[in-house]
Every structure is written in structure tokens, then in C-alpha cells.
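Pulled from TrEMBL, these are the features on record:
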REGION    1-29  region 'Disordered'
COMPBIAS  1-28  compositional bias 'Low complexity'
DOMAIN    69-104  domain 'EF-hand'
DOMAIN    105-140  domain 'EF-hand'
REGION    191-217  region 'Disordered'
COMPBIAS  191-204  compositional bias 'Basic and acidic residues'
COMPBIAS  206-217  compositional bias 'Low complexity'
Amino acid sequence: MSVSSNASSASNKDSVDSPSSTTNTDSSELTHILNRRQEIMDSQEAGIEIPRTFKVVNVYTEFHEFSRKQIKDYQKTFNTYDTARDGFLDLQELKFMMEKLGAPQTHLGLKQMIAEVDEDNDGKISFREFLLIFRKAQAGELDSDSGLNQLARLTEIDVEQVGVSGAKNFFEAKIEQQLRTNKFHDEIRAEQEDRRREEDERAQRRQQFQQRAAVFQ
């Protein structure tokens, strides 16, 4: 490999590992906005009507159900697979992402995943649209076996570190924990009902005793 290739590889690695990756994405979004504005102005001057797209908003304000840390974590995941560094996940990048997460999808499946959150119909997933996946997952709006639901679940943990089998064990443990929690709550409710029943029976016995005692007064 040539020196220039090594330098290029090192440069690419630095761009992935650099803490400024979020800033790079923000800059790419700003560039996209400015380019879009210029496109609209040029079209208006030429008398061409250009379709309206969704405006970019502050994700911290729009996705108030997530903490800033959660959004930053999602941004880190998004940046990892945004290999083109253009602020979007295209079909090939999404394909690579799902393969790395251990949940590969068919070409049609990938297109369906994009279409479900692609609000501006550009055939790609922006970071805002990426956050929509987790909003839908949190609201229970995703089919359990859908590609987007798998993406949302698998990005809860670092698959790179634990591997696919580790991810599977994680979710199995999570389900088991939920079942144990539900059983614990059921046992508590049963105990509470038993106590209420005993209190009602004692109250009835006291009332019956008072009624019998009143006969002899």
C-alpha cells in the first residue's frame, strides 16, 4: 500500500474516532439547508416551482422524550454508519449497518425500512428521521419482527463488543427480567387482596358481634 493510501486510511479513521464527528454532521446539515435555499432561489428566478420539504428543527426540542445523552448516543451510532459523512444513511449504509448488527435485510426490506421514516421522500434517512425510529419503537408503533424494530433493539447495546450471540442473550435476559418483574407485581397484588379480604372479614365479625351484643343491652 502506498504512503498516500496509508495517510488516507489514517485520516478516515481519525474522522470516525474524532469527537468532532457530531459537529461534522451538524455542518453537513447546515450545508444541506444552504444548498436547498439556493436551489429554491434559483428555481424561483427561473419560474420553476420546487416541491416543499420538511424544515430542519432542533432535535433536542422536538424529541423531548429523549434525554440529551440519549440523543448524543444515537448521534454517535448514526455517525458510525454514515460512512459518506453527508448526514444521511443511504440504502448501502443501512445495509452495512444491519449486517453489522447481525440482522441483515433483503433489498426490499431495506427499502421498506427507509420508506417508513423517510418523511421528505429523498430515499435516505437523515438523523432526524433516524430518531423517528426510536420514537416509534418507544411508542410501540413498530412490528415486532420489522427491520426498524430490530435496529432499535440492537442499537441499545454495543453489538461490536458483545457480538450477535451476546445481543441475543441480552434481549432474552431482558424478557426474563420483565417476566420476573410482572410475577413480583402479581404476587404483591395478591397479598394486598388477601389483606383487604381479611380486613373485610374482621370488620364483618366485629359488626356481627356488636349486633348480638346490642340484643342483651
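Each residue, glycine too, has its Cβ placed from N, Cα and C.
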Item to check | Summary of DSSP states over the compositional bias 'Low complexity' (206-217), given as helix, strand and coil counts | outcome: 10 helix, 0 strand, 2 coil
Checklist entry - DSSP says what for the domain 'EF-hand' (69-104): how many helix, strand, coil residues? => result 23 helix, 2 strand, 11 coil
Checklist entry - What are the helix, strand and coil residue counts for the compositional bias 'Basic and acidic residues' (191-204) according to DSSP? => result 14 helix, 0 strand, 0 coil
Item to check | Helix, strand and coil residues within the domain 'EF-hand' (105-140) as assigned by DSSP | outcome: 23 helix, 2 strand, 11 coil
